[in-house]
Amino acid sequence: MAKLSLSFVFSLFLCFLSSSSSSSEGFESYIVHVQRSHKPSLFSSHKHWHNSLLRSLPSSPKPATLLYSYSRAVHGFSAQLSPIQTAVLLRNPAVISVIPDQAREIHTTHTPAFLGFSDNSGLWSNSDYGEDVIVGVLDTGIWPEHPSFSDSGLGPIPSTWKGECEIGPDFPAESCNRKLIGARAFYRGYLTSKKNASSTHTAKESRSPRDTEGHGTHTASTAAGSVVANASLFHYAQGIARGMASKARIAAYKICWTGGCYDSDIMAAMDQAIADGVHVISLSVGSSGFASEYHMDSIAIGAFGATRHGIVVSCSAGNSGPGSETATNIAPWILTVGASTVDREFSANAITGDGKVFTGTSLYAGEPLPNSQISLVYSGDCGSRLCYSGKLNSSLVEGKIVLCDRGGNARVEKGSAVKLAGGAGMILANTAESGEELTADSHLVPATMVGAKAGDQIRDYIKSSESPTATISFLGTLIGPSPPSPRVAAFSSRGPNHVTPIILKPDVIAPGVNILAGWTGMVGPTDLDIDPRRVQFNIISGTSMSCPHVSGLAALLRKAHLDWSPAAIKSALVTTAYDIENSGEPIEDLATGKSSNSFIHGAGHVDPNKALNPGLVYDIDVKEYVAFLCAVGYSFPGILVFLQDPSLYDACETSKLRTAGDLNYPSFSVIFGSTVDVVKYKRVVKNVGSNVDAVYQVGVKSPVNVEIDVSPSKLEFSKEKSELEYEVTFKSVVLGGGVGSVPGQEFGSIQWTDGEHVVKSPVAVQWRQSSVQSF
Ligand SMILES: *[C@@H]1O[C@H](CO)[C@@H](O)[C@H](O)[C@H]1NC(C)=O
Ligand SMILES: *[C@@H]1O[C@H](CO)[C@@H](O)[C@H](O)[C@H]1NC(C)=O
Ligand SMILES: *[C@@H]1O[C@H](CO)[C@@H](O)[C@H](O)[C@H]1NC(C)=O
């Protein structure tokens, strides 16, 4: 067993060594996974053992240093090691794998109403607003003085809580209260990294849980912020701000710094959050490239450990859309959330000299433009199509409105570049890549953002007119059915699942465009150095914003159903999600203007009140995840990092999983290949409705080129039989398929109804050249 694992890991490591051989003498940080059963009994603790492992390594040119010892999320430690020390460590039979530390990046008043919450019925009243559920938010820290973290009306800190409020010069003991019950900071991995911003580390960012960036305060207040009356950003989005689970408790774990969010720090925070007793982990952080295989992905590994402890891990899918397979945080035990719009607009029209009006969006709050028309120029004719700071030619831009193209730098930075060059205003236009997706920003110059079609028309107008002009008119906050919502943001990362295509990802979408929530007092709403404004609330966009919405919902569901596992909570959210926008049409993809599909929106948009009472759930035991990993072809060494609990050792042998497709997932992803035209999946559903004798009938919507047969087609539950099994046969009726809107992909659904509940699972089908998994 150990031998096998060694050779496997060693080859991985050699690949890594050769790719980084340039830093010959350099110490690098690694996460080292060890088999806890190898700990000699003479060591009183794992940490002692880990330290001793490091002391046994060659000590020149300098001794290896321990960053963190992990014992819950995973077993192992992180350390700064030289290449020689790493090589020696790998020869130790206790060592499973050595993975280089990596940096990840950070990827919300009206959303409760949009989600259908009400005080008198549904999920809020059936969960007491999540009281006593503890949400661990792993992010940029927290601004503790924010009114969203007021503890008024909350009872004592739950007795199960074992965490701490780590105090510091700018984080006094009073920072925590009965709402913010814990706060910690993790930076050892960051400090040892090449991006260690040591010079600014104390000035600009605080080595405490204090949020000097804004992101963490925003996500924490979205998930579990208290009720704040009359919240707004410069009067935009004015109303009552509240988190999804407004009585849940928050524990802030600061893991993101100006140089990024390091795996070693994330792992330490997960390890600690498990020990502290959180119930939900909200992580709006991920890699920016394609997802790595699960056994090499620290977030997937840590999330597995947390799931094993009964914690729901809710993560953002990433902002790398609209490309295919861009979703990250896609392990089957993670709740993966994409981003969509709500029925609220911050409208600002661009009006060109030829009398055309283009609907745009903006959070500009300063002096408005004069009503008269102003000269209009295209950035591409003024030195910088993307409007980079310092690249616009002032003599061409001064006093004019500049049309800038989206892409490259931050949107607010483009506005700042126009301002610095003396421009009077900006029209920010999408290119084909972001289509018609509009995200509002609090620009420093009068500015609005328009879609790709409007952008093309305005560019044409500038080209064809002798003296093009424009103005911008700001209309404030508009709530209503036009444009329809929800729609999927172009930036929202998409499936198919890059690692295990047989698992449909993302799972669901939730509000992630133009979301109002709490902000840090340290930087302005644009996060730009030249922005002197300070705001209590800010409006920003990203899957980072949609993730904490779902983390809050998970907290509410956990409170409403104390006996539900993380998988059951996910199942409830997935099978009750909807895929029709408020116009009655299928949810649109803002990247293309066409109907979205399950590789883009998963099961669809979350519906909290329905998730409260889903009827049936697809539950998954942790052992089944292990069996899944075996079934998709992970060899034993690859799996070892997940297997720290000895009770999981035999999961692969004892599992009922015939194939990976049998994992009891609440959605279906089917892959046909050149030699595979029939696929069978088994599922088990558990009756969680109030009627123990419920009888469910199946309803199938088959993709055009697939026949779906469900057997049995009727499930009769009883007191003795609360769990029933069924089998689905998917048959491709054309080889190659591919008449859907995306070549090689088609979509359908399987739903069970008992007259009261609709338990709907999306079906996504792909025809691939080879049906062989990538392992
Ligand atoms: C990182 O920053 C800390 C604190 O300023 C400093 O002590 C440390 O030596 C730095 N490490 C590296 C590798 O630059
Ligand atoms: C609500 O907030 C706005 C903007 O901050 C402020 O101008 C207004 O006076 C406030 N209204 C109330 C009733 O507090
Ligand atoms: C800026 O534009 C003016 C007017 O066309 C031109 O004379 C000047 O050379 C440009 N400056 C740069 C740096 O390109």
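Cβ atoms here come from the backbone N, Cα and C positions, even for glycine.
TrEMBL has this to say about the protein:
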- 1-22: signal peptide (SIGNAL)
- 29-107: domain 'Inhibitor I9' (DOMAIN)
- 130-593: domain 'Peptidase S8/S53' (DOMAIN)
- Asp139: active site, charge relay system (ACT_SITE)
- 197-220: region 'Disordered' (REGION)
- 202-216: compositional bias 'Basic and acidic residues' (COMPBIAS)
- His215: active site, charge relay system (ACT_SITE)
- 375-458: domain 'PA' (DOMAIN)
- Ser544: active site, charge relay system (ACT_SITE)
- 662-765: domain 'Subtilisin-like protease fibronectin type-III' (DOMAIN)
What does DSSP give as the helix, strand and coil breakdown of the domain 'PA' (375-458)?
24 helix, 18 strand, 42 coil
Any idea what the model's mean pLDDT is for the domain 'Inhibitor I9' (29-107)?
91
Including all protein chains shown, what's the count of other C-beta atoms within 10 A of the C-beta of His215 (active site, charge relay system)?
24
Count up the helix, strand and coil residues in the compositional bias 'Basic and acidic residues' (202-216) according to DSSP, in that order.
2 helix, 1 strand, 12 coil
In the domain 'Subtilisin-like protease fibronectin type-III' (662-765), how many residues does DSSP put in helix, strand and coil?
1 helix, 60 strand, 43 coil
Taking DSSP states H, G and I as helix and E and B as strand, how many residues of the domain 'Inhibitor I9' (29-107) are helix, strand and coil?
21 helix, 28 strand, 30 coil
